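Worksheet for the structure shown next.
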2 protein chains.
Amino acid sequence: MKYEEIEGSVTAALGFKAAGVHCGIRKNRTKKDLGLIASDVLCNAAAIYTTNKVKGAPLIVTKEHLKNGKAQAIICNSGNANTCNADGVFIATEMCKATGKALGIDPTDVVVASTGVIGQPLPLEPITNAIPGLSEKLSKEGFDDVVEAIMTTDTRKKETAVKFNLGSKECVIGGIAKGSGMINPNMATMLCFITTDANISSEMLHEALLETAAETFNMVSVDGDTSTNDMVVILASGLSKNDEIKTKGADYETFKEGLKIVMTYLSREIARDGEGATKLIEAVVNGAPDIITARTVAKSVISSSLFKAAMFGADANWGRVLCAIGYSGADVDVNKIDVEFESTGGRILVCKNGAGVEFSEELARQILVQDEIKVIISLNDGNSSATAWGCDLTYDYVKINGDYRT
Amino acid sequence: MKYEEIEGSVTAALGFKAAGVHCGIRKNRTKKDLGLIASDVLCNAAAIYTTNKVKGAPLIVTKEHLKNGKAQAIICNSGNANTCNADGVFIATEMCKATGKALGIDPTDVVVASTGVIGQPLPLEPITNAIPGLSEKLSKEGFDDVVEAIMTTDTRKKETAVKFNLGSKECVIGGIAKGSGMINPNMATMLCFITTDANISSEMLHEALLETAAETFNMVSVDGDTSTNDMVVILASGLSKNDEIKTKGADYETFKEGLKIVMTYLSREIARDGEGATKLIEAVVNGAPDIITARTVAKSVISSSLFKAAMFGADANWGRVLCAIGYSGADVDVNKIDVEFESTGGRILVCKNGAGVEFSEELARQILVQDEIKVIISLNDGNSSATAWGCDLTYDYVKINGDYRT
C-alpha cells in the first residue's frame with residue numbers, strides 16, 4: 001500500500017476547514033490563542049485522554065459530548081489549561097455553546113480542548129466574543145492558523161497528512177499536535193487533532209486510535225510529567241465514500257497504517273521540540289521476550305534525566321543506559337545486553353554482553369553531536385521490538401520551566 | 001528519651017576507627033578516593049541494597065559476605081563504580097582480601113562499596129598497594145577522611161552522630177553518606193555507612209534499617225534515577241554493653257529512634273546537596289487515608305521535573321503540584337486537596353479544595369527564594385502523614401551531567 005505525504009494537515013481531508021485568531025487570553029497580541037476545526041457534516045469521532053487523576057475541565061466536557069461517538073467541530077485555546085478552576089466545567093460548556101451557535105450545530109457535537117497554565121481562571125468573554133468571527137474565517141487554508149493557536153512553549157508547528165487508497169476510493173488522514181513540556185503521555189497525550197474523510201465507525205476509530213497511540217504518543221517522554229489535559233481526538237467525515245469500516249480486516253489495517261504514519265510523525269515532532277531540547281533521541285529496543293518488556297525498557301531509557309543530560313553533552317555514557325534498563329522494572333538478563341549509538345555521524349558499539357568494550361571516543365562524539373540520535377539496545381532474549389522518542393535535557397529546559405507563569 | 005548530637009560520625013561509637021587516602025583511582029591527587037572503616041571487634045551487621053536489576057559487583061560480594069550477619073570492616077572507593085565490568089566481582093573480592101590481610105581479619109568479614117562511573121574497569125593495583133598504609137592510618141580522627149574518600153559530585157560532607165541511653169548504658173549511632181546524582185533510592189540508597197556500639201542482634205539491626213529506610217532514604221529523590229550501587233550498611237560493635245536487643249520492645253524503639261535521627265539527617269543532606277541544587281525541598285503530606293498514599297504523593301511531587309524547575313525559579317506554580325499528585329497513581333480526591341508553601345520567609349496558602357485561591361505573589365516569592373522550602377499538601381482524607389526530600393532542578397544539574405565522564 002502506498003501512502004503519500006501531502007500538505008494541509010487537518011484540512012487536507014474532504015469536508016474540513018479550520019481557523020485561528022488572537023482573542024485575548026494571551027497578552028502577546030501577535031500570538032494566536034483560539035482555534036477552530038469544523039466539518040461540513042457530522043463525523044464519527046473518538047478520543048483518548050490523560051490518565052492523570054487531575055483532569056482539565058475541557059476533558060470532562062469533551063468526554064460527555066463524545067458519548068454518542070459523534071462530533072462536528074473542535075474549539076481549542078492556548079494560554080490557559082482551564083484546570084483546577086471551580087468554574088472550569090461551566091466555562092468549557094459555554095465555549096461549546098458559543099461554537100455550536102456560530103456554526104448552527106448542536107453544542108454537544110463540539111469538542112473542547114485547552115492548554116496552558118493550571119489553576120488560573122479562564123476568562124470566558126474574550127472567547128465568546130471571538131467565536132463568531134473565528135467561524136467566519138473557517139477555510140481550507142486555516143490549518144496553519146489553528147496549529148499556531150494551540151502552541152505554548154512549542155517552537156515548531158507540528159502538522160502532517162497522508163493520502164492513500166481504501167478500495168477504489170482515495171482517503172486522507174491529517175493531524176496537528178502541540179506539546180513541549182509536561183510530556184509523558186499514558187493512554188493519551190498532549191493535544192492532537194486528527195481528521196480524515198475515511199468512512200469508518202466510531203468503534204473502529206476508537207480501536208485504531210488506542211492501538212496506534214500505544215506505539216506512538218505513549219512512547220514519547222520529554223520530562224516524565226503526565227499532563228492533566230492530554231487529549232487526542234479524531235474526526236472522520238466519511239466523505240471519501242469508501243465502504244464503511246465496521247470490523248477489523250484489510251481496510252481497517254490500511255487505515256490504521258495511515259494513522260500510524262501520521263501519529264508517528266507527530267510523536268517524533270513533539271519529542272524533537274521538547275522544552276529546551278537540542279536533539280531528538282530515539283531509543284530502539286530489539287530482541288525483547290515480549291512487546292511490554294521492549295516498551296518498558298525503551299521508555300525507561302528515554303526518560304532518564306542522567307541519560308538525557310549525557311546526550312546533551314554528547315557523552316557516550318552507556319552506563320546510564322544500563323542503569324535505566326536496570327530500574328525499569330523489566331525482567332532482563334543484564335549479561336546479554338548490547339548497546340550501540342547511531343546517527344548520520346556513524347554507528348558504534350559501546351557495550352557487549354552487559355560490559356564495556358573499547359571504542360573510539362572520537363567517533364562516539366562525532367555520532368552524538370548530531371541532532372537526531374538513536375540508542376539501539378539489543379536484549380538478545382527474544383524477537384519483540386519497540387521504539388520510544390525523547391530529547392536531551394538542557395539548560396533551556398530549566399530556564400523555560402523556572403518561570404513559566406511570568 | 002534524649003538524643004544528643006555529637007561529633008565524630010562513624011568513629012563516635014566505641015570500637016570504630018577510620019581512614020581515607022588518595023590511592024590513584026582519581027586523577028586529581030588532592031581528592032581522597034579510598035576509605036576504610038574498621039572495628040576492634042567483630043560486629044553484628046546488616047545492609048540494604050539498590051533494587052536496580054543492574055547491580056554493582058561490590059554489592060554482590062558484600063551480600064555474600066553479610067550472609068552470616070557479621071562484619072568488621074568496610075573498604076570503599078570513589079571515582080569508579082566497579083559496575084558492568086567483566087572482572088568486577090574478582091576486583092571487589094580482591095579488595096576484601098587485601099583489607100582482611102592488612103587488618104588480620106577474615107576477608108569475608110569485610111564489606112566493599114564503590115561509587116563513580118559505570119562500565120570502566122577498576123584498576124586493582126593502586127588499591128591493593130594503598131591498603132596497608134590506609135590500615136596503618138586508622139584512627140578516631142579518620143572520620144573526616146573516610147567521608148571525603150566516598151564523595152563524587154558531592155559538595156558537602158554528610159556526617160552525623162547521636163548519643164542516647166539504652167537502659168543504664170550510653171550508646172552512640174553515627175553515620176556518613178555520599179550521594180548527589182543518580183538518586184532515587186528504593187529499598188536502599190546511595191552509599192551510607194553507619195556504626196553503633198549498641199548491643200543488638202543482626203536480625204534486629206536489619207529490621208530497624210528496613211523500617212527506618214522506608215521513611216528516610218527511600219523518601220529522597222534528586223533525579224529519579226535509581227543507582228546500580230546504592231547501599232546502606234550498619235555495623236554494631238556491642239561495646240556499649242547494653243542488654244542485647246533481640247526482639248522488638250522498648251529498647252528496640254529507643255535504638256530505632258536514634259537510627260531515624262541519623263538517617264533523616266543524612267537524607268536531608270543528600271537532598272540538599274543534589275547535583276546542581278540551590279534549595280532543599282521538603283514535601284509534607286498530611287491527612288492521607290494511609291501511609292502508602294502519603295508516601296506515594298510526597299515522592300511524586302518531589303520527583304516532578306516541572307515542580308523542581310519552578311522551585312529553582314521561586315515560582316509558586318502550585319498547578320504542577322496538583323499535576324504530580326494526579327499522576328502519582330495514588331487514589332486521591334482532587335477536590336479536597338489544599339497546598340501551602342512555607343519557609344523562613346513565611347507561610348502561604350495557594351490552593352484550597354483543589355482550586356486556586358487569591359494570594360500575594362510578593363509573599364510567595366519571599367517564601368520561595370529561601371534555601372529550605374516546604375510544600376505542605378493536605379489531602380483532608382485521613383490521618384496518615386509522610387515527608388519526602390528533594391531539591392530544585394537547575395542549570396548546574398545539566399552542566400554536571402552533560403559531561404560527567406570527562
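Just so it is clear, glycine is given a Cβ too, placed from its N, Cα and C backbone atoms.
Since this is a predicted model, take the numbers as computed values, not measurements.
Listed in TrEMBL for this protein:
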BINDING   B:T152, B:K178, B:T189, B:E275, B:N401, B:T406  substrate binding site
ACT_SITE  B:T189  active site, nucleophile
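Sequence features, as recorded in TrEMBL, placed on the structure.
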residue : record                 : Cβ neighbours (10 Å)
B:T152  : substrate binding site : 22
B:K178  : substrate binding site : 26
B:E275  : substrate binding site : 28
B:N401  : substrate binding site : 27
Taking chain A as the partner, extract the binding-site residues from B:T152, B:K178, B:E275, B:N401 whose Cβ is under 8 Å from a partner Cβ; order them by sequence and answer 'none' if none remain.
-> B:N401
Per DSSP (helix/strand/coil reduction), B:K178 (substrate binding site) sits in coil
So, in DSSP terms, is B:T152 (substrate binding site) helix, strand, or coil?
-> coil
